[in-house]
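To start, the structure under review is shown below, and the notes come after it.
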Amino acid sequence: MTEYTPKERLYRALRKQPVDRMPAVCFTQTATVEQMEASGAYWPEAHADAEKMATLAEAGHTVIGFEAVRVPFDITAEAELFGCGIKAGDLKQQPSVIKHVVKNMEDMEKLKGYSLNEGRVGLILEAIKILSEKYGKELPIIGSMIGPFSLAQHINGDAWFGNLFTGEEIVPALLDFCSDFNVAYAKAMVENGADTIAIIDPTASYELIGGEFYEKYALPYQKKIVDAMKELDVGTVLHICGNTTNGLSIMDKTGVNGISVDQRVDIKTATDNVENAIIIGNLDPVAILWNGTPEDVAEASKKVLDVGVGLLSPGCGIVSMTPSANLQKMVECAKNYKY
């Protein structure tokens with residue numbers, strides 16, 4: 001069989017086309033302290049400096065062996081663009097949202113008139129361009145963003161789930177706004193060199209909102225992004241945290257190329273329940289990748305591969321203290337696997 005470049009290999013794998021072997025990629029957060037030390041680009045500075053962001057993302061390839069580069073390393077830049085307060089994080093902890101900006105319909109005015117060139121969103125686009133210019137012919141360039149449901153929750157804060165259950169008008173208004181932003185942001189990522197988009201939508205979890213609410217308040221807004229990317233022939237992967245087993249068939253309706261699943265999801269059940277997307281996952285990022293040994297990683301990888309996972313990957317974002325040796329073993333297991 002033809003030997004493909006990493007870029008060609010992932011393109012084909014996400015579309016269920018034959019490939020020579022499994023791509024070794026990660027669609028969730030990739031940075032670790034050991035990569036920071038090797039590259040000289042550290043958190044929290046790398047969250048807010050395009051050159052450092054690109055340098056640290058590059059370390060996922062040069063240090064670990066991932067056959068793609070991915071930015072950013074958190075899911076708060078979008079909320080920050082709209083005025084939410086952000087705790088910057090530190091060497092080991094990612095940034096987090098600590099202040100929300102929309103309480104009612106009148107507050108929606110605060111969100112208008114944004115520019116994708118401003119703030120960390122603009123820096124992420126710049127980092128994508130840097131990575132694309134260096135690696136774009138050979139490696140997949142993955143642009144990652146928070147999904148519309150979780151972005152709306154970041155903007156609305158603790159009131160979000162209450163508003164959801166009481167059917168407040170702020171809910172569809174925010175979801176329309178956020179998904180329109182997501183589409184514009186994804187298109188800007190592609191314009192700057194991204195060829196694959198990862199949508200991270202943790203609070204849209206089946207465990208939190210159930211199937212009925214997911215189908216009403218998450219599915220159509222995620223699908224809006226996917227449809228826009230399909231028009232550009234850009235692959236999409238959706239990651240939602242928690243045990244999403246019972247919601248996977250609904251998630252598949254988004255039309256994404258890949259569904260990234262949490263370590264609590266049974267891979268065999270997932271592959272049986274999902275008709276269109278490939279299943280991505282789902283090594284435990286804490287018990288196996290952070291606290292395990294390379295031997296543990298190899299054993300866990302074999303179990304996941306044996307039941308037919310589409311792409312071997314962590315079940316969630318990589319913990320910053322994860323040893324490089326464990327991630328390198330995961331990469332090795334993926335590269336050695338032929339479908």
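The backbone N, Cα and C atoms fix where each Cβ goes, and this holds for glycine too.
Per Swiss-Prot, the feature Zn(2+) binding site maps to HIS239, CYS241, CYS316. CYS241 (Zn(2+) binding site) falls outside any helix or strand according to DSSP and counts as coil.
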Remaining residues near the recorded Zn(2+) site, that is with C-beta within 8 Å of the centroid of the site residues HIS239, CYS241, CYS316: THR28, ILE200, PRO202, ILE240, GLY242, SER260, ASP262, GLY315, GLY317
Residue, out of the binding-site residues CYS241, CYS316, whose Cβ gathers the largest set of other Cβ atoms within 10 Å: CYS316
